[in-house]
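Notes for the one structure printed next.
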Amino acid sequence: MCPCNHPERRGIFRTVRPLVLASQSPRRRELLASLGLSFEVVPARIEEPAPSGERPEAYVLALARAKAREVAARVGKEKVVLAADTVVYCAGEILGKPGGPEEARRMLRLLSGRAHQVFTAYVIRAGEETGRVVETRVYFKGLSPAEIEAYLATAEPWDKAGAYAIQGMASYMVKRVEGSVTNVIGLPLSEVVEDLLKLEVIVPESAL
């Protein structure tokens, strides 16, 4: 259980109910912290099944729900739990995190010169359960075999859906984005903030 507090940094929002991020992703942690929020990190302990023919929206939402429910059962009802999962969808295939270099290489070859969709589902358990799936379309430039090998050598792709980090060295691969960039990183902040405000989990910081 990792507390994430930034008392020295003034943010746009503050947390008024205990908030738990059910994810071990450093990107999701950084996105929430960038708003000035205080929260605990409690990674979910679930087995993530491989896709079995379902739509990417249904697959990613089911994973986010499973994560939220597993962590909520451990931390108690008094805490608000936020869980999320992200997948890339290209040419009819759901791409999660690569299992190794060969799978990452195959993913990058598939994405090269194509448009793909990124789906992030998030679920908030605050008494009742709220969930959404947000879609972003990303257009990749063509990648040469040498570019792919050079990127694989950086080790950046290993824990990223689709084997790339839009906020990292792979940013040059992206020609155009339609939709939320933070959704591609792992958490659609606009929608998440909207729901956390509605549920009175966070409030804007006072100007005083």
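Cβ coordinates are placed from backbone N, Cα and C, and glycine is handled just like the others.
Automatic, uncurated: that is what TrEMBL annotation is.
Annotated features in TrEMBL:
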ACT_SITE  Asp85  active site, proton acceptor
SITE      Arg27  site 'Important for substrate specificity'
SITE      Thr86  site 'Important for substrate specificity'
SITE      Gln167  site 'Important for substrate specificity'
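Each of the recorded sites Thr86, Gln167 was assessed for Cβ neighbours inside 10 Å, and the highest tally belongs to Thr86.
Between the candidate recorded positions, Arg27, Asp85, the densest Cβ environment within 10 Å is the one around Asp85. DSSP gives Arg27 (site 'Important for substrate specificity') a helix state. On the backbone, the CA of the residue listed as 'active site, proton acceptor' and the CA of Gln167 (site 'Important for substrate specificity') stand 17 Å apart.
The two recorded residues, Arg27 (site 'Important for substrate specificity') and Gln167 (site 'Important for substrate specificity'), have Cα atoms 9 Å apart. Note: the CA-CA distance between Thr86 (site 'Important for substrate specificity') and Gln167 (site 'Important for substrate specificity') rounds to 15 Å.
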